[in-house]
């Protein structure tokens, strides 16, 4: 089976607000399979936003596991992120999962990987996926040089990314806290 490429997920934290956005394209090889995938969702009674890049089945498994970790740790995103990364890296079955996650609550944002990375950004901006570097660059420029709020920054940065990255489209889903 061909590798499924897809997605740009971007989170922006600015002036006490947080937003996470993702595009809707799913591609297999050089074929666009879906235009309206939802790769950003709310967890933990709407208090946490999570987005994924990579295999959808793997990501949903990780979303479920992350939400269990949130419940176990009383909603602490940092503790749940570290515990998920630890389990993901050490468990033989989970190690095979191919996805990256961005998770955010009102106070913290993290990128979580299967190699054990739990990264909190210095500047409030995180991006993953095939268009991640384009989105990260555009968002950082907009954060530093405009008065736009996080949702507006994500919209502009993701549209720039969709114009450049063939695996990213303009069908955006953006969640805010």
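Using the three backbone atoms N, Cα and C, a Cβ is placed for every residue, glycine included.
According to Swiss-Prot, the protein has these features:
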type	residues	note
ACT_SITE	7	active site
BINDING	162, 165, 168	Na(+) binding site
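Positions of the features from Swiss-Prot, shown on the structure.
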residue: 7; record: active site; DSSP (3 states): coil
residue: 162; record: Na(+) binding site; DSSP (3 states): helix
residue: 168; record: Na(+) binding site; DSSP (3 states): coil
Given the binding-site residues 162, 165, 168, which one's Cα is the least distant from that of residue 7 (active site)? 168
Setting 162, 165, 168 aside, what same-chain residues sit with their Cβ within 8 Å of the center of the Cβ atoms that define the Na(+) site, listed in sequence order? 8, 23, 25, 130, 131, 134, 158, 161, 163, 164, 166, 167, 169, 170
For the residue listed as 'active site', just count the other CB atoms lying within 10 A of its CB, please. 31
Note: in the chain of residue 162 (Na(+) binding site), residues six or more apart in sequence with C-beta under 8 angstroms of its C-beta are 8, 23, 131, 168, 169, 170
Binding-site residues: 165, 168 - member with fewest neighbouring CB atoms within 10 Å: 165
